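*Asks:* Pasting the relevant annotations from TrEMBL:
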{"type": "TRANSMEM", "residues": "B:20-42", "note": "transmembrane segment"}
{"type": "TRANSMEM", "residues": "B:106-125", "note": "transmembrane segment"}
{"type": "TRANSMEM", "residues": "B:131-152", "note": "transmembrane segment"}
{"type": "TRANSMEM", "residues": "B:164-186", "note": "transmembrane segment"}
{"type": "TRANSMEM", "residues": "B:215-234", "note": "transmembrane segment"}
{"type": "TRANSMEM", "residues": "B:254-278", "note": "transmembrane segment"}
{"type": "TRANSMEM", "residues": "B:290-307", "note": "transmembrane segment"}
{"type": "TRANSMEM", "residues": "B:319-339", "note": "transmembrane segment"}
Amino acid sequence: MMDLVQLKRVRLTIFIAILLLLAVFVISVATGYISLSPAQLGRTMIGKGSSKEYLVLFDFRLPKIMITILAGMGLAVSGAILQSITRNPLADSGILGINAGAGLMVVLYITFFTVESTSFLYILPLFALIGGILTATVIYLMSYKKGEGIDSTRLVLVGVGMAMAISGVILTLTIRLDKNQYTFIAEWIAGKIWGNDWIFVLALLPWILLLVPIAFLKSHVLNTLYLHESVSIGLGVPVERERIKLLFIAVALASASVSVTGGIAFVGLMSPHIARSLVGPRHQLLLPLAAMLGAILLLVADTIGRAILDPSGIPAGVIVTVIGAPYFMYLMAKRNA
Amino acid sequence: MIRTKMEPFNEKKVFSRPAIGTTILMVGILGLVSSIVLATSVGSAHIDFLTVWKSIFQYNPTREADRIIVDIRLPRELGAAVVGAALAVSGAIMQGMTRNPLADSGLLGLNAGASFSLACVYAFYSNADYIIVMMFSFIGAGIGAGMVFGLGSLTRGGLSPVRITLAGAAVSALLSALGEGMAFYFKLSQDLAFWIAGGVSGANWLQLKMVTPVVVIGIIISIIFSKGLTVLSFGEDMAKGLGQRTLLTKTVLMIVVLILAGSAVSLVGPIAFVGLMVPHIVRSLVGTDYRWIIPCSVVFGSLFMVLADTVARKVNAPFETPIGAIVSLMGLPFFLYLARKKGGRL
């Protein structure tokens, strides 16, 4: 299927992506209130650092970086799936309102429980998932028409409207909260990666570990769905059932990621696009590369945010949007040219 | 009723219902006045109508009821009315000019642009005069609109409604993110929060004295140009064919839209969906002639906002619910309906 030169290029691309992720990781560790140089990082990693270096690395930096990487992967894979099953290059869990729906549930959770690292936190991704699925169901039903199926333009349009209205509701709920809760939710909406403890990593990890491989195993289905509905039916793919399964995976990935990182849009839009332009539309290659790019993007955004304003940081979601929205506009301008 | 590009011009489709229009105007104005009086009398301190009447026309600063009514409630209700009119008319003009049934200052990036420039004002020049705040709001709305229309028209395909809506979503996301970034960097989040959620509670006489004349002039200009707008709503080629000076009409109307949306945002924050809903409702009642649509939108928009604000105050008393949220909740089903009904052929 693929000739040797192409295979070589793909290998090189993935190799470079891994190197890039490592480099960003090292820079991210070095950035912050207490700087850790690469030498110190190496020393601490092999168990020869000072207790202060241990504390900074393992208690502050590493959990947050792990969460950022996992969430970036989750959002990117979710975006790739959404783009393929809707055959709309502008699909993304943020633009479609799924993040907002998940966010609404997170806000409700915050209103009733406290924002502390307790065992309750394992429930947070589940809460977010319920919100995400409800929103996705409404969007799906609203853009489904008998005889026409899902119109991808209508889907995005409905999603944009949903996202706006749900943000309005979230704001309503926040006004009544006390100042601490309010600050938390304002930052959550702006996409500040707030999970900074290993417990958040544990809350997010199962979702990513379970769902990303399932998505990967479904690569061939995604390949056919990406082509055309009639092609998929011709190839014997039960289109509607597979599409709903994949939609569920995408929503679950996005909701779980968003529950610990805050409302981050555009990662799920950009990563699959860049990956597609590098290795082509085959999902066997596209998904892993998109996941890596998502992790890189989000980690870069978080690091920039911390570098600009320390120690609280500009939310990563703000940085990602400032990079991602122009990219979205570029895609729009290019698409109908 | 909304004309798509492909439809040929058909004289029969230009219809208006002057009788219904007049009735709506009369009933609407009566309704508006009575709802303002009603809204002024309800609240955490209930004051009966007679006292409201006396307070307004025989103002006596030593009486507590008079001060509540004249200094707090009245500016608030008038502010809601002014904002409602401004948003509804700007929505109507945009829908006519772009022939986009989904046009609305919130959806097309004007509100986000105005909010962004206001975040800048608060960050760099925190005790600016209200007139400066207003000017920046206009400029911001202009930037937002410029970006959306620039982006929408970059391609030969032209400005299809869906493209403009998507461009609006992207531009809004970008400008809100920049505004949020500023707010976090300069630690303004809390101050901006209520304003961003949209509330008329802060409206005072000083602001009203500046905003009202601007909005009234904007509305008068748009009524003067409403005939041109009706012709424009059939398509630009048609308008040119009918001898319309399209460039002049479009420029004037665009400036009016920016001023109306900018004033509204500077007073109450970004409120979406009013400019979307009101003109559609009005159009379904009085027909497609903008000489009727615009005056009726003024009345309906004001009435809608006064009622929404009353709901916002009563629904969870004594807490205030941001009016923007109430309007969003009411607007969503409407938006979904439009997207579903027209979405297929946008």
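Glycine is no exception: its Cβ is also placed from the backbone N, Cα and C atoms.
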*Asks:* Tell me, please, if the transmembrane segment (B:164-186) and the transmembrane segment (B:106-125) are in contact, taking contact as 3+ Cβ pairs under 8 Å between residues separated by 6 or more positions?
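*Replies:* Yes; at least 3 Cβ pairs under 8 Å.
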*Asks:* With an 8 Å cut-off on Cβ pairs and a sequence gap of 6 or more, do the transmembrane segment (B:131-152) and the transmembrane segment (B:106-125) reach 3 or more such pairs?
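*Replies:* The answer is yes, given that the two segments have at least 3 Cβ pairs within the 8 Å cut-off.
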*Asks:* Report the listed stretch (B:20-42, B:106-125, B:290-307) having the maximum count of Cβ pairs within less than 8 Å of the transmembrane segment (B:215-234).
*Replies:* B:290-307
*Asks:* For the transmembrane segment (B:254-278), name the stretch out of B:20-42, B:106-125, B:290-307 with the most CB-CB pairs under 8 Å.
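*Replies:* Stretch with the highest Cβ contact count: B:106-125.
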*Asks:* Can you name the far-off residues of the same chain, 6+ from the ends of the transmembrane segment (B:290-307), with a Cβ under 8 Å from a Cβ of it?
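*Replies:* Beyond its ends, the transmembrane segment (B:290-307) has Cβ neighbours at 16-18, 21, 24-25, 28-29, 31-32, 35-36, 39, 77, 80-89, 91-93, 96, 200, 219, 222-223, 226-227, 229-230, 233, 274-275, 277-279, 281-283, 323.
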